[in-house]
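What follows is a short report on a single structure.
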Amino acid sequence: MTVETPPIPDDATPMMAQYLAIKRAHPDCLLFYRMGDFYELFFDDAVKASAALDIALTKRGKHAGEDIAMCGVPVRAYEAYLAKLVRSGFKVAIGEQMEDPAEAKKRGSKSVVARDVVRVITAGTLTEDTLLDARSHNYLAAVAEAQGTLGLAWVDVSTGDFAMQAIAPKTLAAALARLSPGELLVSDRLLGAADFFDVWADWKNVLSPLPTARFDSENSRRRLEALYGVGALDGFGAFSRAELAAGGALVDYVELTQKGKLPRLSLPKRLAEGAVMEIDAATRRNLELAETLSGERRGSLLATIDRTVTGAGARLLAAQLAAPLTDPHAIEWRLDMVGFFVEHESVRAQLRETLKRCPDVERALSRLSLGRGGPRDLANVRDALAEIPALRMLVTQSHLDTPPGINQCARELGEHSALVDRLQRALAPDLPLNARDGGFIAQGYHEGLDELKGLKTESNGLMMRLEKRYQDETGIASLKIRHNNIIGHHIEVPSKQADRLGEGYIHRQTMANAARYTTTELIELAGKITGAADRALALEMELLADLIGEVTARAAEIALAAAALAGLDCASALGEMASSARWSRPRVDDSTAFDIRGARHPVVEAALEAARSGPFVANDCDLADSQRLWLVTGPNMAGKSTFLRQNAVIAILAQMGSFVPAESVHMGVVDRLFSRVGAADDLARGRSTFMVEMVETAAILNQAGPRALVILDEIGRGTATFDGLSIAWAVVEHLHEVNRCRALFATHYHELTRLTSRLAALSCHMMRVKEWQGDVVFLHEVGAGAADRSYGIHVARLAGLPPAVVGRAEEVLGILEKSDQASGMARLADDLPLFAALAKPRPAATALPQASPLEEALKAVNPDDLTARQALDLVYELKRLL
């Protein structure tokens, strides 16, 4: 978003000329121009910011004969405003004062305080806790092209997590969906490539185009080698030219926005092709993995399974859910860790209580390495590292059969007692929010600082005694010695009593109801106090820099410990989830099995428990080679969509290394997961609901292979009946004959069940129901066979359609079912009376007879307390009473 910068006229004031020069160097940013205690914005920046922030727009002077628009935000509260601007899509350049106004005056009375941009804040380069979600990664990603291949690189500036991946063009969209970057860097040339138009459209709100020259692979290679101090990157992985181009552009952009500074970046990890399950954006959305269809975290799969107690653990859990593994050995490694915490409940409980006392080391370390950290970040590092001995002892007890993953975490926690001891001695108990406020070094840590603080305290006592003497000498009891940043220490008296002051009182300022003075004695004492305070703060800042230097010198070890803390938190949280929700350990191998017994949908089950609506009805699913394609029929509201989703969700949970909501699971690795469930249009691209459905179905048919898992719900429903049936028919055949993948296909087209005679691996299954005296009971059970009815009219009745409409629908359905559809339609048009003619008078109410045993039994029942099974049993009991 580039904002036009006005030219610098010859008659511009020195301050405005400085502002325009800085703004010209950052045309794509809103410029926060520091003026004392405020950041001011001018011209179009002010107009845009005032609208986005809902703050007053004023004016200051003129430029080219026009008023200069202006708005501002206080420095002490700027982060809240900054967060709102970044969320609105703006980049913000922070223009700070680089010297004290007193220093500027030494160059001349008209000299302007030197200012420069110290940082450019973008959505992908945030580090402040107030601007970030503690439980989510904030990725900055870059895409580059070289030799016909694509490279994807991503970094979380707030944690230093850095990785690269070579990808095929057709998998770019899925890779970006996995990362969900806060900002995406793309070259001008790649941005204009027609092949990626739809991909960029999905991420248009976070795109940051860069000149193509920034993505030079050779320059990027040298840049990365220099960053890590190595002669070659081969030791980190066999990176392609495209990966290097993306990674180098990423690092350059971070350094550019941080004005020459870089956070501590981890050694670049290389994600191998096919290392994680590929899940496209539509599938993630349909399965509500990280957020619901309404965009909320609550109600998503992630929110349901997240039992972590640290921010880093929550971020790791989210990353594992977003990228399920495809290597059975790696999956077993994680499952062993989770299983350890399921088995050892006491260890799990104690470890989780200890982890709750561990602050976010990763983000504190990143801020410290950028020179943006403060005393509280040091305290966060200290407090987390202080818990390491207790954590290590918990998981390495001699009687425990500790798995390799837990042992590795215990080793990587490291030894930090000397650093913890120094930080505990150095930092004061109560730490200020900002280092510039001082008072963060503990008493007794540094003798020289203690002396300066003592002098300051002694001077403050002298100031109080001086105030008392002045009150006694003048007889003005309300006389006060005060201080502000403009005139420093001064004597303040009510205006009506100012004439009682003697000749030694020097006038400084007249207010509405008070007058301000000083004396030679006060000036001397104030100088001592100010000098002592300034020297104390300067020394504290030196000591702070030393402490930060010691921490950053051990950054690699501390980062390793932070990752181990996150790993323990994530594994123990999944163990907590498995234990409390009665989940079982899945068996994942290289076969094509998909045998799930007693499966439940974790989100729906949790919602039922919260509402006390009865237990979730578990179901089996076995997509063996002989029946790898299930055709699922049954009425609306019977649970088809939930059944489809729960099997996909269980596959994701199993491959992320979690226990699963089922009695048992044996499944072969799923390399790609596709879900076409639900209905939504895409008005921004001019796509109807049916068009979106067809686009997503096309992606499935073109990409699914033998190891894929596909779930499809009601394909073809958005068009004419015969068109929809024909499409669904052809899709089933293609899945069976060409894709040859494991698939669940839910449909209301009962005609598709005839395909079982021709397709050997097609198996029919249905959602079971019970009919009783014109009513329908949904059992939510899956059984073999095909449903012959959809009970849509029954659902319409439950939804509250007027009885006359329901009656009319039943009459129409009866005619259609008694004849072929074409002739039935003709009869409907010719023979049925119009809707209005169907209204019949209701019979008059009659007196009720004496209650029968049947009625007494009904009165004793509360339907809200019945499960589906209990309701069915009750129906049979009531029938016996007739």
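Placed from the backbone N, Cα and C atoms, the Cβ positions cover glycine too.
The structure displayed is predicted, hence computed values, not measured ones.
Taken verbatim from Swiss-Prot:
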BINDING   GLY634, PRO635, ASN636, MET637, ALA638, GLY639, LYS640, SER641  ATP binding site
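Listed in sequence order, the residues of the same chain lying 6 or more apart from ALA638 (ATP binding site) and placing their CB within less than 8 Å of its CB are MET767, ARG768, VAL769, PHE778, LEU779, HIS780, TYR791. Other than GLY634, PRO635, ASN636, MET637, ALA638, GLY639, LYS640, SER641, the residues of this chain whose Cβ falls within 8 Å of the Cβ centroid of the ATP site are, in sequence order, MET767, PHE778.
LYS640 (ATP binding site) has a Cβ environment of 26 other Cβ atoms inside 10 Å.
ASN636 (ATP binding site) is surrounded by 19 other CB atoms, counting those within 10 A of its CB over all protein chains shown.
Counting other Cβ atoms within 10 Å of each Cβ, the lowest count among the binding-site residues GLY634, GLY639 belongs to GLY639. Using a 10 Å radius centred on the Cβ of SER641 (ATP binding site) and all shown protein chains, the other Cβ atoms total 19. Taking each of the binding-site residues PRO635, MET637 in turn and counting other Cβ atoms within 10 Å of its Cβ gives the largest count for PRO635. Annotation note: MET637 (ATP binding site) sits in a coil segment as assigned by DSSP.
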